[in-house]
Structures are given as structure tokens and as C-alpha cells.
Amino acid sequence: MKKVFMIIAAMCMTSIMASAQKTIRVSTDKTDLVMQVSPKGRLYQVYLGDKLKNPSDYNHLKWDVYAASDGSVCQRGHEVYATSGAEDFFEPAVAVTHADGNMTTYLYYQSSEEKAISGGVETIITLKDKVYPLTVKLHYAAYPKENVIKAWSEISHKEKAPVTLWRYSSTMLYFKANKYFVTNYHSDWAKEGQPETCQLTAGKKIVDTKLGTRAAMQEEPFFELGFDEPAKENEGKVMLGTIGWPGNFRFTFEVDNVGALRVIPAINPYASNYKLKAGETFTTPEFIFAMSDNGIGEASRNLHNWARQYQVNMGMEDRLTLLNNWENTGFDFNQQSLAELMKDAKDLGVDMFLLDDGWFANKYPRKDDHAGLGDWEATKSKLPDGIPGLVRDAKKAGVKFGIWIEPEMVNPKSELFEKHPDWVIMQPKRDTYYYRNQLVLDISNPKVQDYVFGIVDRIMTENPDVAYFKWDCNSVITNIYSPYHKENQGNFYIDHVRGIYKVLTRIHKKYPKLPMMLCSGGGGRMDYEMLKYFTEFWCSDDTDPYERLYIQWSLSKFFPAKTMGSHVTNWNKNTSVKFRTDVCSSCKLGFDIDLKSLSGDEYKFVQNAVKNYDSMKPMILEGDQYRLVSPYEGNHCAINYVSKDKQRAVLFAYDLHPRYKEPVMNVKMQGLDADKVYTVKETNLMPGKESDLECNGKQYSGDYLMKVGLNVFSQTDGTSHVLVLE
């Protein structure tokens, strides 16, 4: 018996030692995330930073960084997916109330595997509770060349009754530095991308949103971390992070008792104690992050490259230039006036005419924003030939046709609301609160999902030549009550977003080459999960060119130019049409302007600008972006794009509000081939105007352009220069 006991003990010790020696590595070409299984089978993060060249060095990494430092009776470390009720007393990654009411969970390592994915490797780690049949799978998708990692989690169980999830994080990351600085971005209508930097000290900082839809209107789902100093553009250790979730999100930044920073990206648990049935799987959003020792610029270029290749819908394909009618006509148009605008679009030289709001509903025609949403049939009095007539007129004009929809919304003054009030998010027994005179459809309801899918499907089935959709979402969720979920309201916020995904998945599966713009009262939606289905997003309803420079600067840190719609409008007519066009040409160009209001020279200019943009698109949409001079740090702004082969580049330089006789510095470009000689040529000039830049027409080495730079700024408000280097 004693011998048997010794054999069993030896086997247990062998098992423990095997667990203790288990190291899991998630790697890119420049970053290592290293995890280690403790002797008791718990999984800890032991390293996150620059890639370690020698695997033998992993043996020096220790999981027990706490080691009873706070008087604890047990050794503790940075648990990869910390649970509620365990010996870690900080914010958990996951919290569960089990079917019997127990609120504690302990997760132990079970297995790990790797599999090849497009562009990288996915690591899947399985953790289980030993007492309850609860499983968590941690997913890490590493893209080596782009130095980007995606992380998400799956939670499932086999208990006899539903469990309640009240924390469900995408991942949990730990950092150690002398100081930590976070830059998050807040927002409001027409004020997107407003950065705010603060030092993180002991305790918690939470950035979250509770708006449901249009969720990024006040806080935006991305941030920068700077280690030891605030994040800088071209130097220092930084991390860029963003969560792919268009609903309520929450970032938790917590500095613990030993000075370590914990970063927890998650769905916001606000009003969302989620009941999970046995056999169901709760999948969290993806958290995407990129680290760099060379500042924000390098990290964002890596994000851009990753996004174009692996995340954004048709990310490696071209984008359509367009003319939109909204700021020209508003709701006041008819079939004949639209046909004329289509001819204008052709004459302008853009690819497409986009019809905006106001084309639908008959019983309650869409004359303003008080009626019609939900009734997606062309208004006969305005458009007697319907959408087929518009497609026909666009073909005659020689342009593609796109159309605006807001399928997640309904006006109380609509036939849809009269027929299906039970499809609407609306509190019983209380007065109804309206946001922009509309309500939100309950897309957690499968019947509503079918209806929303049917809007796009019917338009495309009847009009297969429709080339583009602008999908808007102008309201947050108000009157928070789901008629579909009834007594199970804790699932609503999350299932509503998942319902949107189900609709978009069906659309994408049936129409995989259909470009769509994501819009939400401006930039109320901008995230990488939605960009799996959309080709671009609308950055802001603020199209004042000065303000757009700030907004586009901020958003470009996280999103490539080809995803950022930017239209020339009449906002701030005090600026020249050249300045407005040059600002928009640095992103995905469009026009939303009455072309007949332009002078002859102005009209010739925008025609030439479209041609110039078409020639520059490969650099702007596919090349590497370098932010050179920040509008946040002075009175000027400059960025340049460089083609992947470094043979061509384009420099955009803007003067905002220079001070009188302020010193003007050369702009030093970045990313060029130091040994190549480039010819500099200014483009986007007004008709009959010659360049006044000394550098125009001259040749310079890439080395000179990056070290000495070019004199392209002035002391005049609202001036701009676009230079092509070849």
C-alpha cells in the first residue's frame, strides 16, 4: 500500500512539475506575450514586451511576482484571466454567479493549441473550474509582420441551470513601468476625436459608454498608453489599443499595490448581468493592440497594414469617390433634380452619386426627421419611378448609384410602428422619450433581424446595380426595455449588438462585394468589428476643414485613411474650396456641396483635384502614413504618405491660424528611400496659378528631405499645399 501511495505521489509530483514547466508564448516579430502555468495549475502572465530572442531566457521568468508581499498566505501573480472571488482582490476579468448561487470561480489550465490563420498564428488556451463545469477559452491571434495581436475569450458551461455573467472581459494585460500615461478620446456630435492624457496612479480609471447604439458618441473605443512618459509620435514605448464592439464598452486601467498596471478591455457590464444557458458560448469582443518602442507612428502604421490586409471589408480594394446630395438639397429634391445631380457627379469626375435621407415612405412621407423611418419604399410623389428610375438615371449619367438607409430605427409616425410596436425598444407604463424624433428597433429579436436584412436584400434583389449603401444610426438607445427579452433584460444590450452582427453577416454573405459606409450621426460608430462588414466610416458631421484636421489626426492613429470618409462641403465658407478639398484629399475623398455655387475657377479646380486624387490614391489608401506636424501642438499641420516601394510620396501641408511673424520651420518628411532622388511637384493648384514654393520642380535626395526638409508653411490662415514626390 505504501508503495502504491508513493507511486501515486510521484505521478502527482510529475504532473505538477509538468504544469510548472509549461510556458505559452504569443509572438510577433517584435513582441512577446509569455504565460506560465504555476505548480497548482493556474495561468499567469510573466512577460509582455520586446521579443526575447533566446527561448532559454523564459526559464528566468517567474510567475509569483507577489509572493506574499502584502501579507497574503499564498503566492500570487498576474493571473491571465483573473476571476471574482479568488485571492486576487482587484478588478476581475470574469465574474460568474453559478447556478447554485456561488459567486467564486477558479480557473485552471487544461490545454493549449496553435493553428495557422491568414497572416499569423492563433493560440487557444483552455481553462476550467475544477468544482463547476465552467470553461473559458482564451484566444490570441498574432500577426508577426504587422506586430499586432488580437485577444478575445469564450465562456461556456454545463451546469444544470443558467449561470449569470457579470464580468466578461476580452482579455487582461499587465505592465510594469515607473509611470503610466493613458490618452483616451472623448467626443460629442461634431466634436469627435478629442484627446485627453493623464497619468495613471494607484487606483482605477474607467473609460466607458452606456449609449447602446451610437455608442462612441461620448467616449471612443480606443486609447494610447505611454510608459514612463506620455505617448509620443516618433519615440518612446507605447501601446495602441482598441476594442471591436459598437455597443457599450469599458476600459479599466488599474494600478495595483505593487505598482503594476492592469488593462482590462470589455463589454460594459452596465445593466447587463447576462444569463448564459448550458451549452451556449459567450464570445467577447476582440481587443486589438500594437506595441512599439518607436512611438505612436510606428504602432499606427502597423495597425493600418494589419487592418487593410486582415480586418476591413475589402481592405485591399479601391474606394469610390462620390457626390452626396445632403448638404445641397436636404429633404427637398425630386427625381428630376437628382438626375441633374448625377450629371454633375459625372462632370465632376467622381465614381458615384450617393442619395441621402428623404427618399422613402408614402403614408407618412419623409419630409423631415419626424416621420417615415421604417417604411423603406420610395416616395411616389418625389420619385415616381422609384429606385429603378434612379439607377437608370445614374447609368445614363455614367456614374454608379448609392443610397442612404437607417434600418435600425423607426419613427412613431410610420406604418412599421403602427404594425409592430412590439418590435421597438420602449418602456411599458412610462412616458416615451424620443431622441431625434425616433426610436430604436429591438434587433435582439430574430423577427426584427429578418426585417432589417430584408431592407437591404429587397433593394439589392430589385436593383442589383445599386453600388453602395450609407448605413446611418442617429439615435442612442432610449426607453431601455426589450419586449423580446421580457424578464431577461440583462441580456438585452449584448444581444442587441449580436443581432446587428447577424444581420450584417447575412448581408455580407449574400453580397460580399457591396461597399457600405458606417455612419452614426457623424462618428458615433467606429470600430474594427463593424469594419469587417463596412468598407469605411464617417468620421464626423463636422466638415469645417480646420476642425477636420484635428479629428482626422486623432482617428488616423487607429484607422487607415481608406476607412475614413471625408467630404468637401460648405461648412466654413470663409475657407477656400482648395483648402477644404486638400483637407479631404488626405483621406477617402467625397463631395457634399452645391457645385453650381462654385465659381468657374473653383469648379475647374475641383475637377482637377478629383483627377489628382485618383493618381494619388495608391499612396494615400495603400501606402504608409507619417504624421509630421500636429495641429494640437501649433498652428500648422502636415502629413505624408509613402508608397510601399518608396518610389512615390505625397505631402499635405496646412496653415491653420499662424501668429503674426511666427517662425516657420521646414517640414521634415519620413519614410522615404534615403538614397533615392525625388522630384518635387506641387499639385492641386487653382487654375492659372503657379506654385510659389521654392522647392517646386526641384530634385532632392530622400536623405535631404528627411533631415533638412522643405519650406512649405506660410503665415496665412487657411492655406494648403499638396506636393507629389516621384
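We number each residue from 1, going along the chain as drawn.
Glycine too: its Cβ is placed from the backbone N, Cα and C atoms.
In the record from TrEMBL, residues Trp189, Asp356, Asp357, Lys470, Trp471, Asp472, Cys473, Asn474, Cys519, Asp541 bind substrate; the candidate from Arg319, Arg392, Arg436 listed for the same site is Arg436. Mapped onto three states, the DSSP output places Lys470 (substrate binding site) in strand. Asp541 (active site, proton donor) and Asp472 (substrate binding site) are 12 Å apart (CA-CA, integer value).
For the recorded site, Trp189 (substrate binding site), the DSSP three-state label reads coil. Sorting the recorded positions Asp357, Asp472, Asp541 by the number of other Cβ atoms within 10 Å puts Asp472 first. For the substrate site, whose annotated binding residues are Trp189, Asp356, Asp357, Arg436, Lys470, Trp471, Asp472, Cys473, Asn474, Cys519, Asp541, the maximal Cα to Cα separation is 19 Å. For Asp541 (active site, proton donor), the binding-site residues whose C-alpha atoms fall inside a 10 Å radius of its own C-alpha are Trp189, out of Trp189, Asp357, Lys470.
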